[in-house]
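Asker: Quick paste of what Swiss-Prot says about this protein:
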| type | residues | note |
| --- | --- | --- |
| BINDING | 14, 15, 16, 17, 18, 19 | FAD binding site |
| BINDING | 273-287 | NAD(+) binding site |
């Protein structure tokens, strides 16, 4: 029987990585927040890989942190190994990655929600969204509890009509054998929301005692640990190694012989899977010229023997999986603790959302994470944070937070989903960001902390720390521009020793650093008045000095980009009235409802000629008004 159970400003449905960030942001900005999860023991569950960060994903975590989110702080408290990736490449693609203690990561996030003053945490299944006159009114749970609310954030992950597939065995389930949410999908369909099926998968978990590490290459953590969160100066930890091995000829033979039993190839799987995280059987079919594939053996925590077999997700039958895993060097006697599986789930076409992550046709209803068609913990957390922030800003009658593509990877992520849409689980990559030299992970705080402070998520002590770092970097840049280095004998000897050329005339230290063989760290012996700076401040100064030319070019590109971004399109515009617009362009523009010319220009099916017609129309209307 239905009963009135309470009133909240914001209700968050789901307590995965998106839901946790959404609820914490909402509560910390002063809104009374209910977060519902089907299992209190699966909060911030790492249902797949036991790590946070990685290429482009590390950028997202740093940005979440700079805006006042929790993911970076949580992994700093619960990591078991840390590595900076892509250090042989330029700073734009340097990405931090940390192995997590999965259980501790989840437990700490749960405890944060339990302690947060404005959060009410409940184990409940929401089965219905109540909407009147295109505005949310409340949610109904399976046990009859009805909660009124001003905003609802859907963070359902892979639970909506979840279906696990292992060979020809198919059953209704959420991830890791958890209960699926089978009723909510119908409520969303009744509201006119378009749903579709996506698929993801996870590899087996094996027992550490059954692994022969002597046949693998050890992958230790970095000696110098770099924190994810800008609030942490240094971290110290006894780290646990990962290991690298490869598939064998026998692995490929087993898969080829049993490919007819793969749900991917016999029609059992309807959902579309992630292009950039294919199953092992998909890799072997798609890349027949490769005789081996990398397999990473990753620990799942300090107090467990479970190991994650990275790079080997599968939906093959269990009997095939056992043979397949045991054909990998070092895994000849592997004991499987959890079978690999594929999972299908309902999600939305994100083009139904606007750039605040609110549904265009339902006031107060937001989506975040895998529900929006993305993949990955970090992508989910970023969307959850933005949805939580915007729900509160709307309730308070304030302007929304809309991050541009030139502001953050989060801006690229949301713009791609909402403007371009996605026909497969969307994964963030550095190649998706046009201005990646400006959107480095090292400067996320310098880019976004001001925004986080203005909206009330970044507190005073954190803000003061940011101001101090900003001032130190700016002051040091100014100082080294004034320090003159002359061609003295001992200086030229030093330069020759470093593989550089002699000085013929005085040069500033700032210009000297630009030489390919030198950097801010190497020229320290020439700089006796150098102030005491932190490692991250020194790194920031080095990047700004060495890459100044490239950075300035991208800044010029951003100025051009902003001209289109600042040309706002009136909400009242009727595209059908615009003569010269192609029918496809009219349909796409009416569907997406872009807020500015920049967004309109990125819609698939809208040509540069259509944009010219639209601009001429807007100019004429402006003159008439």
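Sequential numbering from 1, following the chain as shown.
Backbone N, Cα and C atoms are what each Cβ position is placed from, and that goes for glycine too.
Model, not experiment: these values are computed from the prediction.
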Asker: Quick one: which residues besides 14, 15, 16, 17, 18, 19 have a Cβ within 8 Å of the FAD site's Cβ centroid, in sequence order?
Answerer: 12, 20, 21, 22, 37, 43, 44, 155, 157, 368, 369, 380, 384
Asker: Would you count the other CB atoms within 10 A of the CB of residue 277 (NAD(+) binding site), including those on all shown protein chains?
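Answerer: A 10 Å sphere around the Cβ of residue 277 (NAD(+) binding site) contains 18 other Cβ atoms.
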Asker: Measure from the CA atom of residue 18 (FAD binding site) to the CA atom of residue 279 (NAD(+) binding site) and give the result in Å, rounded to a whole number.
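Answerer: One finds 24 Å between the Cα atoms of these residues.
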Asker: Give the distance between the Cα atoms of residue 18 (FAD binding site) and residue 273 (NAD(+) binding site), rounded to the nearest whole Å.
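Answerer: Taking the Cα atoms only, residue 18 (FAD binding site) lies 20 Å from residue 273 (NAD(+) binding site).
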Asker: How big is the gap, in Å, between the Cα of residue 14 (FAD binding site) and that of residue 281 (NAD(+) binding site), rounded to a whole number?
Answerer: 31
Asker: Round to the nearest Å and give the CA-to-CA distance linking residue 277 (NAD(+) binding site) with residue 17 (FAD binding site).
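Answerer: Pair distance, Cα basis, whole Å: 19 Å.
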Asker: With DSSP assignments reduced to helix, strand and coil, which class does residue 283 (NAD(+) binding site) get?
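Answerer: Residue 283 (NAD(+) binding site) sits in a helix per DSSP.
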Asker: Please identify which of 17, 275, 283 has the densest Cβ environment, defined as other Cβ atoms within 10 Å, among these binding-site residues.
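Answerer: The largest 10 Å Cβ neighbour count belongs to 17.
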Asker: Give the number of CB atoms, excluding that of residue 285 (NAD(+) binding site) itself, located within 10 Å of its CB.
Answerer: 16
Asker: In angstrom units, rounded to an integer, how far apart are the Cα atoms of residue 15 (FAD binding site) and residue 281 (NAD(+) binding site)?
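Answerer: On Cα coordinates alone, these residues lie 32 Å apart.
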Asker: So for residue 18 (FAD binding site), how many other CB atoms are inside 10 Å of its CB?
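Answerer: Its Cβ has 35 other Cβ atoms within 10 Å.
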Asker: Have a look around residue 279 (NAD(+) binding site) and count the other CB atoms within 10 A of its CB, chains all included.
Answerer: 28
